[in-house]
Amino acid sequence: MEGGSTGSGGSDSSHSGSGGAQQRELERMAEVLVTGEQLRLHEEKVIKDRRHHLKTYPNCFVAKELIDWLIEHKEASDRETAIKLMQKLADRGIIHHVCDEHKEFKDVKLFYRFRKDDGTFPLDNEVKAFMRGQRLYEKLMSPENTLLQPREEEGVKYERTFMASEFLDWLVQEGEATTRKEAEQLCHRLMEYGIIQHVSNKHPFVDSNLLYQFRMNFRRRRRLMELLNEKSPSQETHDSPFCLRKQSHDNRKSTSFMSVSPSKEIKIVSAVRRSSMSSCGSSGYFSSSPTLSSSPPVLCNPKSVLKRPVTSEELLTPGAPYARKTFTIVGDAVGWGFVVRGSKPCHIQAVDPSGPAAAAGMKVCQFVVSVNGLNVLHVDYRTVSNLILTGPRTIVMEVMEELEC
């Protein structure tokens with residue numbers, strides 16, 4: 001977690017008893033989520049489609065192979081430790097056995113999958129708040145944003161601070177809230193779940209000139225071994241296969257990573273990504289991170305819903321049996337509620353029936369033509385993801401859907 005201050009007094013100084021324990025549990029949950037996501041987005045092909053008894057299991061990994069990989073990359077000292085690390089992810093609902101027949105992570109040739117790769121990631125209020133905070137943090141860390149600055153309060157200098165009143169203005173301006181009151185309510189939730197804090201923990205969130213910080217640096221380099229530590233890490237650790245690195249410009253094999261949530265700073269993803277991030281991949285329901293909806297997610301098949309491949313040229317052919325539609329989708333507190341997959345063109349893979357996208361009329365199998373006026377017929381879903389996640393809360397999407405015969 002970020003201390004951020006050159007003065008004394010840590011973030012735990014005002015917490016005691018059950019309140020402090022609850023805060024520490026929220027911090028641990030956040031660290032597990034971020035660490036698990038960094039593993040999920042790793043470049044090497046640990047995760048891919050696999051077959052067993054004539055059945056294909058998309059986007060999964062073999063437990064035994066992953067343990068070998070963790071030891072090889074010095075993320076675990078031995079097999080027993082590797083099992084404990086993966087069990088931590090299983091206990092938090094981040095990974096699961098593909099058929100949900102094994103609750104314990106076992107060092108055998110069983111298939112497991114990240115729940116974000118099949119739309120079954122469990123949601124609760126804590127996770128929703130965390131994902132929303134993560135999204136805001138990524139937008140604030142973009143190169144063109146200057147809201148986070150070193151500032152002083154009561155004679156003490158703090159790093160990466162934002163002024164409450166300016167932050168509320170920004171939330172409304174960015175479309176993250178429709179009114180200042182709604183923006184303030186969002187900040188109260190972020191404080192309640194330990195996402196942001198007053199720099200010296202002396203005040204609740206107030207629309208004022210008081211200074212606040214994000215408690216967590218979502219981009220901090222993490223090692224899987226940190227999951228077994230009792231205390232939340234407070235410092236950057238040395239290089240790890242899960243570290244977020246700058247892009248390499250040489251011709252050697254790249255080990256670069258995407259941030260947990262795509263940001264404008266990351267324009268290139270080098271190396272060949274695994275199946276779940278390929279042209280048929282998905283990050284899940286669009287929200288604070290690309291994997292939330294406004295209600296518990298619909299269980300969706302990670303395989304494409306399309307009956308056959310369709311090209312952009314086919315969609316644009318005069319007389320082709322496709323109709324254009326335009327939707328204006330206003331995200332709710334946690335997102336927009338749909339899944340996009342594919343490449344050139346992308347398509348709608350799933351729609352949360354209780355989410356904003358469904359209310360606007362979005363349906364599965366529609367092809368994405370444009371996002372906020374920008375044509376996306378010739379890009380992959382990662383570019384579309386970036387446009388949506390770093391744009392305003394209200395998005396205008398043009399789609400094409402096949403006419404019924």
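Placed from the backbone N, Cα and C atoms, the Cβ positions cover glycine too.
Some features that TrEMBL has for this protein:
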- 1-10: compositional bias 'Gly residues' (COMPBIAS)
- 35-116: domain 'DEP' (DOMAIN)
- 142-216: domain 'DEP' (DOMAIN)
- 326-403: domain 'PDZ' (DOMAIN)
- 1-24: region 'Disordered' (REGION)
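In the domain 'PDZ' (326-403), helix, strand and coil residues by DSSP number 14 helix, 35 strand, 29 coil. Counted with DSSP, the domain 'DEP' (35-116) comes out as 31 helix, 20 strand, 31 coil. DSSP labels the residues of the domain 'DEP' (142-216) in these numbers: 23 helix, 20 strand, 32 coil.
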